[in-house]
Amino acid sequence: MIAMARKRKRKQGGSHRSHSGLSDGVKQSIFAICLIALAVFFLLSFFDLSGTIGLAADGMLAKLFGWDRWLFSLILVVISWHILFPSRGIFSWINYLGIALFFIAFNGLLNLFLLDDVFTISDLAVAGGYIGMLVSELLVSVLGFWGSFVVVFAGLCIAIILVFDLSLQNVLTVPAHFAQLGQFMRKSKEQDDQVLYADDQSNEEDAEDQDDSEEFEEKKKKPVFDHPDDKEQESVMTSKQRRKVEIPLELLQEHGSDGKSGDIDRNQEIIRRTFENFGIDVEMVGVRVGPTVTQYALRPAEGVKLSRIVALHNDLALALAAHPIRIEAPIPGRSLVGIEVPNIKVGQVCLRELIDSDVFKHRKTNFTAPLGKDVSGTVNAVAVDKAPHMLVAGATGSGKSVCLNTIILSLLYQNGPDDLKLIMVDPKRVEMGVYAGIPHLLIPPITKVEEAINALKWAVREMERRLDHLAKQGTRDIDAYNAKCKDRMPKIVIIIDELADLMSQNKRDVEAVIVRISQMARAAGIHLVLATQRPSVDVITGLIKANIPTRIAFAVASQVDSKTILDQAGAEKLLGRGDMLLTTPQISKPKRLQGAFVSDDEIERVVSFLKKQGEPDYNHQITEDTRTGGTAFSADDSDSMLEEAIEIVIESGKASTSYLQRRLKIGYSRAARMIDLMEQLGVVSEGNGAKPRDVLVSQWPIHDDEPEDSYEKKHDNDSRSDQDDNKVIDDEATDEQQENENTEIDDDDDDDDDDDDDDDDDDDDDDDDDDDDDQVSCENLILSHNRLQKS
């Protein structure tokens with residue numbers, strides 16, 4: 001009983017100590033407060049405001065650091081901030097090294113110029129202290145005064161670069177930026193003066209200008225065709241190079257976990273014995289343990305067909321009690337066969353360890369996307385600008401969205417807003433919304449299909465503008481242009497999270513625009529990253545696959561889906577959760593990788609950091625519907641055919657899609673689009689089920705040989721004569737009166753035309769006579785016919 005009481009007492013005492021102990025956060029807060037208080041105390045001591053203890057402390061600091069001892073208080077404040085918020089630390093160990101070097105170099109410089117062989121306490125207090133004396137004496141004894149000055153000054157410059165993370169190029173361009181700022185201020189002042197002067201005169205002319213504008217709007221007619229040459233061309237999107245803010249790696253998870261393969265020796269023996277049972281002699285060569293699978297390499301005996309080995313994958317899965325088994329026969333670059341067996345525990349690959357890897361540090365372009373690790377643990381990356389487009393496909397939950405986040409974050413870590421612009425399309429409204437507000441976006445994440453199609457059409461127009469601009473500058477691609485010109489063109493990456501949703505809404509336009517971009521946009525710096533969870537042939541069409549050679553396949557349900565993505569089987573044997581097959585133009589066979597995992601917290605931390613660096617400059621015209629007589633990619637070749645189609649419809653008096661197909665020898669889609677355009681132009685009536693459309697005009701009003709002004713005048717005279725006809729016909733009582741009134745209308749129009757001939761030019765006379773002969777008589781017959789039907 002006594003022993004049990006003692007044990008109970010010890011347990012109670014231990015639990016009491018555990019409850020009374022301080023957490024790490026409380027300890028850090030207390031330590032940080034002490035450092036801040038000490039910094040304030042030292043700063044007050046510098047101004048002799050902290051009594052005798054402060055005076056003694058200031059004297060000690062003066063002996064050690066000299067005149068710049070007050071900076072020691074600021075360093076203590078920075079250290080306390082780093083203790084309180086380690087993940088938001090504004091200083092790294094490189095910056096602290098720069099601060100220490102700055103103290104040493106600056107104190108040495110003070111001693112060189114302020115002291116002359118006098119080393120009293122008062123002299124040290126106004127110079128560099130003992131630290132400065134040690135540095136200056138040591139250097140002067142070896143290098144002399146001016147040699148010591150060069151070394152100390154160089155150390156001071158290096159310290160400033162380390163502290164503020166600057167480059168020498170940025171420092172040298174500071175005077176030029178100040179000169180540009182002064183010039184901009186002078187120009188803005190002159191413009192303000194001009195605006196003030198112009199405002200005084202504008203008030204007097206507002207009423208007169210308003211009347212003129214109203215009259216102009218009444219006369220102005222909307223053209224039937226809106227040619228791109230008649231529009232004001234948008235300028236090519238460029239930006240001046242600014243300093244990119246480095247995103248700290250501390251915002252990402254530090255490292256993941258390794259995979260566990262199980263008993264390697266036992267599995268090797270099982271594989272060897274299984275092949276032996278089927279009459280195949282193999283030699284086990286080596287083992288490579290990856291995050292997801294372990295690859296057992298074997299060398300078959302001479303004369304053994306690889307097809308016999310591949311056919312035994314189900315028997316190997318049964319013997320190893322592991323599913324699925326993937327056989328790589330042969331391993332690329334080696335005369336071996338690889339048996340990939342799933343690990344007992346799947347390892348986790350984090351984005352931070354990929355960015356910290358040597359493969360990423362020695363990259364050749366800043367558009368490198370590290371995707372994951374292969375079976376040997378080697379980091380594999382893809383250059384997005386060299387790909388030049390990517391297709392990501394797989395079943396639901398296989399890791400597509402995480403792969404997209406990996407690509408996006410890796411691009412953000414390498415490029416600032418002046419080098420990279422993003423257009424994100426997320427019809428699912430799930431993944432891309434978190435990136436709203438970062439300065440790299442051209443437009444907020446798009447969720448509507450119509451806006452996504454408009455954005456893709458804008459990308460086509462931007463591609464054409466860029467290609468024209470590159471041709472004028474005599475450069476081959478965007479990289480050569482940015483190296484040559486001061487105004488840089490940012491590269492644009494368009495990310496579509498669900499391609500199947502866009503294709504289901506408007507397959508014709510979406511496919512055509514994607515094919516156009518994928519064929520021509522590489523030199524213009526526009527790249528596509530397409531993702532879909534429905535890898536079927538109606539979504540991933542042959543044209544899309546032909547122009548997007550870089551493809552990533554995640555786990556799929558069937559071999560047919562794998563062949564749709566990769567043109568070969570293999571993806572149906574993946575394990576999911578980031579297990580992928582990568583194929584590029586440089587890889588002959590798909591390579592198996594374990595993709596990096598990026599959590600929502602990591603994304604939110606990076607996005608919050610980027611939002612603090614600046615506001616996005618959105619261009620809302622990207623998602624606006626700019627209709628130019630059809631789609632942006634077929635306006636040039638459909639205008640001439642449309643005019644011919646209208647003439648055929650008017651001549652024959654009937655309009656149908658099949659009729660245009662036979663007469664013009666075109667496809668159904670194009671003929672249907674022409675019928676829709678005729679309906680918009682008022683040439684034919686609206687569709688009414690199975691009934692044929694009515695032809696509403698008797699002639700095509702556009703003639704290439706007539707000037708635009710005469711056409712507008714003719715249109716005005718037609719409308720004026722129509723109003724007179726309607727007014728007269730409303731007063732008709734019988735058919736005889738209608739005929740008499742028609743005769744009177746002709747006489748009145750002739751009289752009006754004669755009066756206009758006295759004031760107008762000869763060209764107007766010809767237009768009015770043509771209207772009387774053709775338009776009025778035709779309209780009178782139609783109106784009379786309608787009147788008879790009503791009566």
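Using the three backbone atoms N, Cα and C, a Cβ is placed for every residue, glycine included.
Listed ranges 334-361, 418-445, 446-473; the one TrEMBL annotates as coiled coil is 446-473.
The residues near the ATP site, meaning same-chain residues not in Gly394, Ala395, Thr396, Gly397, Ser398, Gly399, Lys400, Ser401 whose C-beta sits within 8 angstroms of the mean position of the site's C-beta atoms, are Gln533, Phe554, Ala555, Gly576, in sequence order. Of the listed binding-site residues Gly394, Gly397, Gly399, the Cβ environment within 10 Å is emptiest of other Cβ atoms at Gly397. Within 10 Å of the Cβ of Lys400 (ATP binding site) there are 25 other Cβ atoms, across all protein chains. Neighbour density for Ser398 (ATP binding site): within 10 A of its CB lie 25 other CB atoms from the protein chains shown. In the three-state DSSP classification, Lys400 (ATP binding site) falls within a helix.
According to DSSP, Gly394 (ATP binding site) is assigned to coil rather than to any helix or strand.
Looking at the domain 'FtsK' (368-563) alone, the prediction's average pLDDT is 91.
Look at the binding-site residues Thr396, Ser401 and count other Cβ atoms within 10 Å of each Cβ; Thr396 has the fewest.
Its Cβ placed at the centre, Ala395 (ATP binding site) has 20 other Cβ atoms within 10 Å.
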